[in-house]
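Q: Swiss-Prot lists these features:
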| type | residues | note |
| --- | --- | --- |
| BINDING | 267, 272, 290, 351 | Mn(2+) 2 binding site |
| BINDING | 272, 349, 351 | Mn(2+) 1 binding site |
| ACT_SITE | 279 | active site |
| ACT_SITE | 353 | active site |
């Protein structure tokens, strides 16, 4: 679906559907008043009958409104006089998108500029959320359905903005389109079945991306190279599977050669049975989403490539399949990491930190400005923060603050958890330098503490997306595409875009 921005009068546009906001109590904004005047009071007459209360997201479709070039007018409730919050604004946009998808027209014009959104002064923030919501609503994953979804009639949406805000709105749509592309790619990878999406498949996806973009270099390290580098923890996770592990390195050079890169590290466990520490059978199908950290790094890179941001970015995808077998890692095994630290593996289901710790050590060679790892790491994060907010930890307050701010701006929020030294003691092992679990308490924090021991050479942050990477059960089940908006916003901010 194509999104464009124009600065024209709503009453003059020729379109299949014109969308106009109406407030509670039959209050008309400037656009609605102009449409009402052009239609000789048709809008007011409908509202007087009480057909639309004007609550946010309520809709009423009118056909053949006199005095207008639009075939239909869709009235949408915009609430009371005060500004809408992000959530209400997104719900309004999703409601409009839902109605438009059910209509026969190939285009629509949204005249929603009169609506104010709290904390979104100017046009950029408001139009960015609007565009992202509209584009996200167009996502369909039916690759394995014998009956595909009906082709959508709606091909183009025009967003109206006043002349003063036109440039900001256009920039917002440009950024939103890139983010939506990245989110769709992330969701596609996450939704693929694990018999298709394994480490070698992700490596092929990376190579395909490299062929499509000249400025992107791709290197794939196989299990032999992983072992040669001394990545004992990484190798241990995949040794029970017939699908060999892969470390995928993608290097984008959009900035000056002398500029230090940002590094994104993604956990890519393409299926997690728990290994010998086997998970319960109920809901295990959702462990195909354990690679959503890597998928979100892929998606963020897609957005960066589309926008051609003037930064240097290295993406490291730590991909393995965690399976039980005669050759699998056992609880009690001790491995030596690339850093030289030894790890006692008390629970083979705490495998994400094992592939990440060696990858974080590998990241040192790029002399990064900052390293951010993204992982569906702990069920404890879902207990602590639910499915609305990602967990965030780090060793640098400025970096953590930048990510928190990016999350707010992108409406893809994170919440900081502590990394106090007292938590480190829970990882003590009588037999190795460190244990891979820290007991039943503060599981998200102790996982972050584990990773912090391998990230002392640079500014580092860790995003635990166990609660936000996918939606469980119901008709909306599937990968969410998060935290692509947060990560892309962080990089947009660093690029000054």
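If you go along the chain as it appears here, the first residue is 1 and each next one adds 1.
Cβ coordinates are placed from backbone N, Cα and C, and glycine is handled just like the others.
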Q: Which three-state DSSP class does residue 351 (Mn(2+) 2 binding site) fall into?
A: coil
Q: For the C-alpha pair, I'd like the distance in angstrom between residue 351 (Mn(2+) 2 binding site) and residue 279 (active site), rounded off.
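A: Distance (Cα to Cα, whole Å): 12 Å.
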Q: Fill in the CA-CA distance, residue 353 (active site) to residue 279 (active site), as an integer in Å.
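A: With distance taken Cα to Cα, residue 279 (active site) is 17 Å from residue 353 (active site).
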Q: Taking the Cβ of residue 349 (Mn(2+) 1 binding site) as the centre, how many other Cβ atoms fall within a 10 Å radius?
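A: Other Cβ atoms within 10 Å of residue 349 (Mn(2+) 1 binding site): 19.
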Q: According to DSSP, folded down to helix, strand and coil, what is residue 279 (active site)?
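A: Going by the DSSP assignment, residue 279 (active site) belongs to neither helix nor strand, so it counts as coil.
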Q: Identify all same-chain residues not among 267, 272, 290, 351 whose C-beta atom falls within 8 angstroms of the centroid of the Mn(2+) 2 site's C-beta atoms; report them in sequence order.
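A: Everything else in range on the chain: 237, 268, 269, 287, 291, 320, 322, 352, 355, 375, 376.
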Q: Note down the number of other Cβ atoms within 10 Å of the Cβ of residue 290 (Mn(2+) 2 binding site), including every protein chain shown.
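A: Excluding its own Cβ, the number within 10 Å is 28.
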Q: Can you tell which of the recorded positions 267, 279, 290 lies nearest to residue 349 (Mn(2+) 1 binding site) in space, using Cα positions?
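A: Checking each of 267, 279, 290 against residue 349 (Mn(2+) 1 binding site), the shortest Cα distance is to 279.
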Q: For residue 267 (Mn(2+) 2 binding site) and residue 279 (active site), determine the Cα separation and express it in whole Å.
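A: Spelling it out, the Cα of residue 267 (Mn(2+) 2 binding site) and the Cα of residue 279 (active site) are 18 Å apart.
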Q: Let me spell it out: for each of the binding-site residues (272, 351), count the other Cβ atoms within 10 Å of that residue's Cβ, using every protein chain shown. Which one has the most?
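A: Neighbour-count leader: 351.
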Q: Among the recorded positions 267, 353, which residue has the fewest other Cβ atoms within 10 Å of its own Cβ?
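A: Each of the recorded positions 267, 353 was scored by Cβ atoms within 10 Å; lowest is 353.
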Q: What's the number of neighbouring CB atoms sitting within 10 A of the CB on residue 279 (active site)?
A: 14
Q: Please list, in sequence order, every residue of the chain apart from 272, 349, 351 whose Cβ lies within 8 Å of the Cβ centroid of the Mn(2+) 1 site.
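A: Checked against the 8 Å cutoff, the neighbours are 237, 269, 273, 274, 275, 277, 279, 287, 290, 322, 348, 350, 352.
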Q: In three-state terms from DSSP, label residue 267 (Mn(2+) 2 binding site) for me.
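A: Looking at the DSSP assignment, residue 267 (Mn(2+) 2 binding site) belongs to a strand.
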Q: Where does residue 272 (Mn(2+) 2 binding site) sit by DSSP, helix, strand or coil?
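A: Its secondary structure by DSSP: strand.
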